[in-house]
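Worksheet: one structure, shown below.
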Amino acid sequence: MKVSQNWLKNLVEISSTPVDLSEKLSIGGFEVESLEDCSKNVNGVVLGKVLSVLKHDGSDKLSICQVDIGTSKNLQIICGARNIKPNVYVYVATVGAKLNAVDLTIKRSEIRGVMSEGMICSLQELGLEDSSEGIEIIDEDLALKHELGTPVSDLLQLNDFIYDLAITANRPDGMSVIGIAREISALLESKLSFPELNHKYNIHLNKGIKLCPEAITSNCIYTISCIDGVNGNKLSPIWLKDRIEKSGIKSINLLVDLTNYILLEQGQPLHAFDKEKLSNLIGKDVSPEDFSVRKAKDNESLVCLDGKKYELNENITVVTCSDKPVAIAGVIGGLETSVSNTTSSIYLEGAVFNPVTIRKSSKAVGIRTESSSRYEKGISSKNTISAVTRAMNLLEEYFSINLPIINTSNLKNNEDIFIKLRRSRIHKILGPLIINDQFEKRNISDTEIVDKLTLIGCSLKSKEYGWDVAVIPNRSQDLIREIDLIEEIARLIGYDRFDLNLPNPIKPGKLSSEQLALRKVKNGFTENGFNEVLSYSLVPEDKETLIKISNPLLLETSCLRDNIWKEHLEIVNRNIKAGQNSCYIFEIGNVFHKNTEFIQKEVLNGAIFGNKRFEKWVNSNKDNDLNYYQARGKLKEALSSLNIKIDDKPTDSIDFLHPGRTAKLIIEGKDAGYFGEIHPKLILEKKSLKIVYLFSINVDNLLGASTRKNKWIPIFKQYPIVPKIERDINFVFSKKFLISDITSLIKKTGKNLLEDVYLIDIFEDIKLGEDYISYTFRLSYRAQDKTLLDSDIKTIHSSIISNIEKSFQTKLRN
C-alpha cells in the first residue's frame, strides 16, 4: 500500500519527520518497506521561460536558447529538442543539479564551440515518465501562478514523501488511507480530520437483486446506483491525479479515478458500468433488478478491462446484467460495459463479497488486483454505503448529476457490538509499567487505557469490572476478543515500557502421561526397525462419504481422508519398485468420517513387508517374507513397552484384508483396530505388488489402557535368584481354535509355577490334513524360593497336557 505524506497531512496532524514516522509505523505493526523522497530527482530544477531560440552554426539539430530563470542574468542553454520555441515555459536543470533518472550531473560545458549553462528537461529526464517526445512545455496557466526560478518540486507538488507499507492479512484497515491516518493519529496522539459527507441519499432495500449465497453471505452487502449527468471525457483535477498516481494507480479519467480514489481513501472497491453499454448488451433499458451475482457457467467467457478474454467456470463468481456476465466479481470489470470518454450515465456498484469466493475467482483467472487484494483480507460491510455516499458527493462536485438512489441487498445493522474488557485481565496479562528507569513500577491507569482505545476509534462504557468496548467498523475484522484489545493497549503504549518480568511466571512444563505413552509407542516402533511416515491428509473426492473442505486449492486435495492404509500401500509399492526387500512403516494421524456429524479420530496405522532379519543376505535362497504370526509378533514387540494386553479375534468383515488372515484387535474388551494380510484381490489388481500386512489401532483406546495407574506406574518385581525349567510341547490342532484360547488355558492350569508360555513354532503339512496345524509351545516354570526339580513340575505339566487334549480334541506329539 503506497500513500503520500501530503495526502495523510490532509487527514491527520503529523509532527514527526518522515524517517521517524516510518520507524513508528514499523514498530506499531505497519512495516514501511521503503520511503521515497519525491523531490530527489528534481533538486536543482526550476521554472524557466525561453526568450529566444537561434540555430547552432555547427549543427542542424541543435539550438542556442536564452532562458530566464528569474536571476539577474539569463542562461544560455544548448538544446536539441525539436519542439523548442520562444516564449514557452520549461523545466530547467541548473548547473550542479543531478538528474537521478538518467544518472547525469549538470555542468557548464562547451558544445561545438558554444557554452551551455544548464539543460532544458523532458519528463523522462525528471523521472516522471517512462518515455518522452522532446522537452516538456509547461501549461501557461500553471506557470503564471509561480515566479520564474520556482523549484519544480513546488510546481509539481513533489515536496512529498511516499510510504510503501507492507500490510499484513490481520490488519485490513491498513489498506485504506483513512485507516493509516487513524494509526498515525494513535501513534502520535494527534488530531484527525476526516472528510464529512455533505449530502446523504435515499437508500432502497431492493429484494429483486438476485445474489449467490456463497458470494454474498450474511456479513456481506451488494449495492447498485444509477447516476445520470456524468461526462467520461472529463479529466481529473491535479490534486486527485497526484494522489492516486503517487499510490501507484494510473490516472484515466475523472469517473474511473474517483472510484480508485474511494478504493484508496476508504478501502472500499467500487466499479462503474456504462449505462448505455449495458442497455445495448441486454437489448433494453437497465434497472437495478437486472443485476445479479452468481457462479459462472462452463463455456461462458468475458473480455475484461485488460483486453484479455477469460474462459469462465463454476469456481469464478460473476456480476451479471440480465444474466449476461459484465464483471468478475471483486476482481476486474468487463471491457464491453466499461466507462469511456462517451459515457454520460453510469451504474455504480459498491459491494462486499465473501473473501473465499474472491480468492477462488482471482486464482482461477490468474489476476490479482487492488480490489481483490482488499476483498481477500476482509472488508466491513458497515462502511460500504458511506463509501458509496462519499463517491457520490465527489461526483456532485464535478458533475451536474441527478439525486441517485442507493439500491442495497440488505440494510446493515449499525448497532455497536460490545467486547467485555476487564481491568484485572489487563493488569494480569501486561504487568506493571516501568517508571523512572526501573526504580518505580505501577499498573496502567484507567485514563491511559481509555485514551489509547479512543485513539483507534473505540467507544467505551464504564462498568464495575472495566469497560464494554465498541469497535469501529474498519477494525471489526481484527478486534473481536478481549485479548485483541489488550494487545492494542500494549502496542500503543509501547512494549518496551512494560516490566521485563512476566506477570505470570511460566512453570516448567512436563509431558502428560498420554504424551509420554505416545513417545513410548514411537520409540518402540523405531527400535524394532520401523520408519515413521507422514502422509497427506487431503485426498480427491472418490466417494460421496468423504468430507469436503470449503476452499480446496486443487481437486486432488478437496476432501479429508477417511483412511491411511491406501497411502501406506502406495509407500510400500514405491519401495518395492525401488528394489527394497523390506518396508516397515508406521504413522500416527487423523482420519475423518461423517454420519450425523463429523467425527475426527486419531489412529496408529502401519504396514509390514519383507523380513529385515536377513538384511543383505537376500540371495541366500531363504524365504524373505514374514508369515502372519511373525508379522503380528513385530507389532506385539513394538507395543511391548506399554505393558498392555492386546487380544486377537479373527474376522472376515474387512474387505481389503485376507478373510482368513485378519484379526480384530481387542483392548480391555473393546474393539480397537485390526491386523491382517492384504486381500489377494488387491495383488491381482496390482494395487499391492507383494504380500503386505496392515494394522490400525485407535490411539484413544491404546493410551487409555496404557496410562491407567496399574499399567503406568512401575511396580517393583524382584529379579529371580533361582533358575527356570523350560519344557516344549507340540500338538496338532484344528485351525478353528485360536492360539490365544490355547495359551489362556495353559496359563490358567499352570498358574502356581508357570512363569510364561510362548508359541515358538508353527508347522503345516498335507499329511496333517488341510484343516489342521501344528503348534509348538515353550513353557517356563520357576519358583520364588527354590530351584525346581522335574518331580516338582511333573503334576502341573501333566495337567496342562491333559487339559489341552480334552479341551481341543488333540494328542501330544512325540
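Glycine is no exception: its Cβ is also placed from the backbone N, Cα and C atoms.
The number of other Cβ atoms within 10 Å of the Cβ belonging to Asp478 (Mg(2+) binding site), over all protein chains shown, comes to 19. Swiss-Prot lists Asp478, Asp484, Glu487, Glu488 with the feature Mg(2+) binding site, giving sequence analysis as the kind of evidence.
The domain 'tRNA-binding' annotation in Swiss-Prot covers 39-153.
What Swiss-Prot lists as domain 'B5' is 414-500, and the listing cites sequence analysis. Per-residue pLDDT, averaged across the domain 'B5' (414-500), gives 89.
Feature annotation from Swiss-Prot assigns domain 'FDX-ACB' to 720-813.
Long-range neighbours of Asp484 (Mg(2+) binding site) (same chain, six or more residues apart, CB within less than 8 Å of its CB): Ile419, Asp478.
Apart from the site residues Asp478, Asp484, Glu487, Glu488, the chain places the Cβ of Leu479, Arg481, Ile483, Leu485, Ile486, Arg491 no farther than 8 Å from the centroid of the site's Cβ atoms, the recorded Mg(2+) location. Residues near Glu488 (Mg(2+) binding site) in space but far in sequence (CB under 8 A, at least 6 apart, same chain), listed by position: Lys452, Leu453, Ile456, Leu479.
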